[in-house]
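Taken verbatim from TrEMBL:
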| type | residues | note |
| --- | --- | --- |
| DNA_BIND | 43-86 | DNA-binding region |
| COMPBIAS | 315-329 | compositional bias 'Polar residues' |
| DOMAIN | 41-85 | domain 'Homeobox' |
| DOMAIN | 88-289 | domain 'TLC' |
| REGION | 295-341 | region 'Disordered' |
| SIGNAL | 1-18 | signal peptide |
| TRANSMEM | 97-117 | transmembrane segment |
| TRANSMEM | 137-156 | transmembrane segment |
| TRANSMEM | 163-182 | transmembrane segment |
| TRANSMEM | 221-241 | transmembrane segment |
| TRANSMEM | 261-285 | transmembrane segment |
Amino acid sequence: IHLILIWLFLWNFFRFIAKPCAINLGIQDSGPHRAQPNAILEKVFTSITKSPDGKRLEGLSKQLDWDVRKIQRWFRHRRNQDKPTTLTKFCESMWRFTFYLSIFLYGIKFLWSAPWFWDTRQCWYNYPFQPLTSRLYYYYILELAFYWSLMFSQFTDIKRKDFLIMFVHHLATIGLITFSYMNNMVRVGTLVLCLHDASDFLLEAAKLANYAKYQRLCDAFFMLFGVVFIVTRLGIFPFWILNTTLFESWELIGPYPSWWLFNGLLITLQILHIIWSYLIIRIAYKALVRGKVSKDDRSDVESSSEEEDVTSNSTKGVFSTSSNGSNRVNGHVASGQWPEE
């Protein structure tokens, strides 16, 4: 039910809030250049392959009496036809920015008065007989419904290079939320949720600035996102969260039956944090050495982005604003361009 309510709210948010904001910022609802109609190439594209190899290109060239480069250009344009417009991606990022920021502020307000926020050992006192308040319940349910929506949208959105990493991330997150709720580990669960929400809204803010062509603002948000991400995921998460789940819980309540699975999921998240942090650091290094970074290396790169026109590589800044408008982190980044999430 909560998932359905989120989808209904999302539809109204796109129509009455995000889209008018995008239009006011001058973002047009115009798609990429459409490929010239051709029955033979269309049949190959839909039935055989979207990226023909050299041998097939030569065969099509002889069959149509077209230059090979013209056929390559046709397939590139045809692939781009199916990609969402910049306005659509702006609306998606605005929705995620709104949710991440709202849930983060709610989490901070809720946890500020919670004793386990200041002393993580409180997560295990009287476990598992700890009360589940209504505020805590709704915090959990909203987060769970949102991550389920991200999981489903991965299969309807364009495929990105970090699809598998983000899929594992969403599975681990949903597994952790569900598992901790069923085992009444909600206290430490709220700490994990709030920590992860701390940087995500900054990434979406950077994307919004990129789509609106405020490049300096985009770069500033991305650099701030990188700092917060690395501090929270490589610093606070292992030394605050993993410390209490691995050592304090063992000391206070012993090796409970679900201890291994719970910590295994948390360690899986930490491995993903390390991978993404490496990619973010690589982008920052390029920015310092070269004075610019044409693309982000984490999660918003479409699978065919490396085949775009050379002119798309000329854009300065952390994000690339190429003709395909590639960008998404529901996730996060993968070599060369913005891939999530």
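The backbone N, Cα and C atoms fix where each Cβ goes, glycine too.
Unlike curated records, TrEMBL annotations are generated automatically.
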Top partner of the transmembrane segment (137-156) among 163-182, 221-241, 261-285 - counted as Cβ pairs under 8 Å: 163-182
Residues of the parent chain within Cβ reach of the transmembrane segment (97-117), under 8 Å, 6 or more residues beyond its termini: 13, 123, 135-136, 139, 142-143, 146, 187-188, 190-191, 193-194, 197-198, 200-201, 204-205, 208
DSSP residue counts for the domain 'Homeobox' (41-85), split into helix, strand and coil: 32 helix, 0 strand, 13 coil
